[in-house]
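Note sheet for the following structure.
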């Protein structure tokens, strides 16, 4: 039932069309104009009266958009309109004879002659076959739009702050310059260039300019010139994406490698772990960069060199961190502190780094202990220290008359030369002299008491013996304490040497890092933010 209704409707529509067939017709004068123009017309014949003269064809490009720039494969894709203008004397007419029709349109090269101008580069050319607009004076305008994918040799040395210059080269595929004279459509007083009035900006590239130039080339095989026109595309890469997503994160991560030298070397795993993490992060960004740049050996990107230098700096800083930790955890039982090492890392290097060490002073590349820290009773000059030694601190003042003076040594050449120069030697001499004097006195007392032979004398001798044993044990304890103190001092020297190397590495790598960043920033003519 439904199919029968469809058949009835179709028959009714055909009947109405046949009834109005006499009223549905085009302009008879326009149809006559097409018949008159194409009568005896051959689209294979070049439209010139004299076959020895060249036909002039002017060309202009209207760039609509730069679609893609594939730096990895060195290809560029452009959306553009091509405008060709030439004159065909066979396509002229008098408008009053044809109802004042001043223009007609012909489709494709199967009806009228058209120039075989193509993009000569190895490319993929998609042009839509549009109508050619013919005016009554024989002037023909043909504007085919197209998408052109052309090869472009790119210099990636300054990537991602690079500028690329590509060109579109057009020329006749079969006609030489004596048959077809290809010229640029220019405005008088202006430099020849592509039209950018309808250009749509690209998110990754700036199109700075599109100048044009006409060239003629001669080949060895032929004497005829072959004219071509080139439309250059001056492109500059936008750098916001690379700065905020690649460069700044890498700089921040690399800067953290400097902060690692400020980290105390008390925890071995934390310091090494931080440097290793930073090194892996820089390698990760370097991998991302390698995927963005084309695989070529003709040029190395500046950013790639910068990242490689950062990777090298971080790797070297990791090595120095291991060296610092090696110095920090050295023990007196397995390492000997040589005089050369002491001179370099405990005297000269801390002095250059303007470091301070407790109880030590640095002067002109040398180190010496502060004299006030090792003063003995005989060398004490401070009044407060004297009062403490005399027992006046929180105690009743003792009269000076009740204190027996400590007998002093007579001034000798040895004391005059040795004691007056070095404080430690002077204090040590005083202690040895006091100990020797005490020992002689105790022995003299013991001899006197033995000669006496009384019971009280025997008791005093026993007390003196016990006292001598106590003095011996105290002396042994003092020597053990002195040995421990010496070992602790050497251990502190290893730690201070590690701190000096840490400070040296911090200053050294900071200078290198700032220098590298300055070279990268101030290399002309790159623009960081664009």
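The backbone N, Cα and C atoms fix where each Cβ goes, and this holds for glycine too.
In TrEMBL, the annotation transmembrane segment applies to 272-290, one of the ranges 272-290, 329-347, 348-366. In TrEMBL, the transmembrane segment annotation falls on 240-266 of the listed ranges 213-239, 240-266, 375-401. Across 240-266, 272-290, 504-523, the stretch most heavily in contact with the transmembrane segment (302-324), judged by Cβ pairs under 8 Å, is 272-290. In the predicted model, the domain 'Neurotransmitter-gated ion-channel ligand-binding' (31-239) shows an average pLDDT of 88. Cβ atoms under 8 Å from those of the transmembrane segment (240-266) belong to residues 160, 204, 274-275, 278, 281-282, 285, 288-289, 303, 307, 310, 313-314, 317-318, 320-321, 324-325, 328, 498-499, 502-503, 505-506, 509-510, 513, 517, 528-530 of the same chain, restricted to positions at least 6 beyond its ends.
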